[in-house]
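Asks: Take a look at the following structure, please.
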Amino acid sequence: MSFDLIIKNGTVILENEARVIDIAVQGGKIAAIGENLGEAKNVLDATGLIVSPGMVDAHTHISEPGRTHWEGYETGTRAAAKGGITTMIEMPLNQLPATVDRETIELKFDAAKGKLTIDAAQLGGLVSYNLDRLHELDEVGVVGFKCFVATCGDRGIDNDFRDVNDWQFYKGAQKLGEMDQTVLVHCENALICDELGEEAKREGRVTAHDYVASRPVFTEVEAIRRVLYLAKAAGCRLHVCHISSPEGVEEVTRARQEGQDVTCESCPHYFVLDTDQFEEIGTLAKCSPPIRDQENQKGMWEKLFNGEIDCLVSDHSPCPPEMKAGNIMQAWGGIAGLQNCMDVMFDEAVQKRGMSLPMFGKLMATNAADIFGLKHKGRIAPGKDADLVFIQPDSSYVLKNEDLEYRHKVSPYVGRTIGARITKTILRGDVIYDIEHGFPVPPKGQFILKHQQ
């Protein structure tokens, strides 16, 4: 048999092992895995390279429409492809209007036409003003619903995202449970974080350490405990976003051991940056929950290797440079990290700390695909989409601003020596990024709808 593509001689990350083996692709799908697979129209030699499932980034902010000057589909998805991401799950906020009903999600689909370099699934918003319209987003095909119990949104803009109070969360989660949906939550205690932040500003405490102190670990842990209890009472599956502390992870682990249907994610910046580095880098490393100290980071690595964190995500949330001006307490909180999830974590987790390749594949791709029901994504296996990434191990480079594909070429990782490189990204059998040739095909990404897979 002749295939469209055969990838030869790479060390392939399979679900429970990694070995040198060939992959055959036909019609955008993985057709076979093995040796002596036959002929193909195209052959790629992956000798000396790691062949990983394309990353499924379950937490990405693309601010189009309405705030395309923050980040747009064209720049954001090119950066994703360059970083080895083949599928993103897009958050319902930062764009205007927020994605909270049928009309607003259709605006997203229209805005993205002809611009997606990678595939994308959508989350709907659970906000204070759309409890009677959640079903519209479920019917369209979102793969989950995001909400905040921390303060969010610009109160001066009517159609911006809004946080929910406990009553709104409980009622919304009840409705989502009936739809067999997942609720995703940003967990920080809104009132305590807000008051601690205002107190620090009044007293002139505006350093990175002051910012971290204004969002202490207990504010994350308390919020996680609360939403775990309320989601359980409401009968809804829960996913806790961007956990930053081992104590927060422990709450999820305890609930899981008690039988609750709950998963969680974290981000590379909580594993590779600490508060002292945050102080040096400045506002580009500001996010919430914040980047904490080295002892906290050590605990996060332990939780990751213990299997208590389900997936790693970028939480890519950029903004124009002027919004990062001023002191750390004033600046916008959000990190541009889309392009450097895979290479940074391969270097730090696999090369420096000995993580197994199958575990890396699960954290970067498989688990997120399973959590959000992306049936054709996340695995190198026959029948799955041929979404693949070539990683060159032990290949150091220093990240420069001009390497970035973002609308604004800034990142807290600029200047960092990264010990691995993404050399090729393949989406449904086509090379969409190549380290030598850039982006060789026009954007071919598609939206993935829950009910149409």
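Glycine too: its Cβ is placed from the backbone N, Cα and C atoms.
What Swiss-Prot records for H59, H61, K146, D315 is Zn(2+) 1 binding site, and it gives sequence analysis as the kind of evidence. The Zn(2+) 2 binding site annotation in Swiss-Prot covers K146, H186, H242 and is backed by sequence analysis. Annotated N6-carboxylysine per Swiss-Prot: K146, in sequence order, evidence recorded as sequence analysis.
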Asks: Among all the protein chains here, how many other CB atoms are within 10 A of the CB of H242 (Zn(2+) 2 binding site)?
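Replies: A count of 23.
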Asks: Give me the sequence-ordered set of same-chain residues, not including H59, H61, K146, D315, with a C-beta within 8 angstroms of the centroid of the Zn(2+) 1 site's C-beta atoms.
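Replies: Close Cβ neighbours, site residues excluded: T60, M91, C241, H242, V313, S314, H316, S317.
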Asks: Sort out the sequence-distant neighbours of H61 (Zn(2+) 1 binding site) for me: same chain, 6+ apart, CB within less than 8 Å of its CB, listed by position.
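Replies: When sequence neighbours closer than 6 are ignored, H61 (Zn(2+) 1 binding site) has E71, E90, M91, L93, N94, D315, H316, S317, P318, G334 within Cβ distance under 8 Å.
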Asks: Between H59 (Zn(2+) 1 binding site) and H242 (Zn(2+) 2 binding site), what C-alpha distance do you get in Å?
Replies: 9
Asks: Applying the rule Cβ within 8 Å of the centroid of the Cβ atoms of K146, H186, H242, what extra residues of the same chain belong around the Zn(2+) 2 site?
Replies: H59, M91, F148, L184, V185, C187, C241, D315
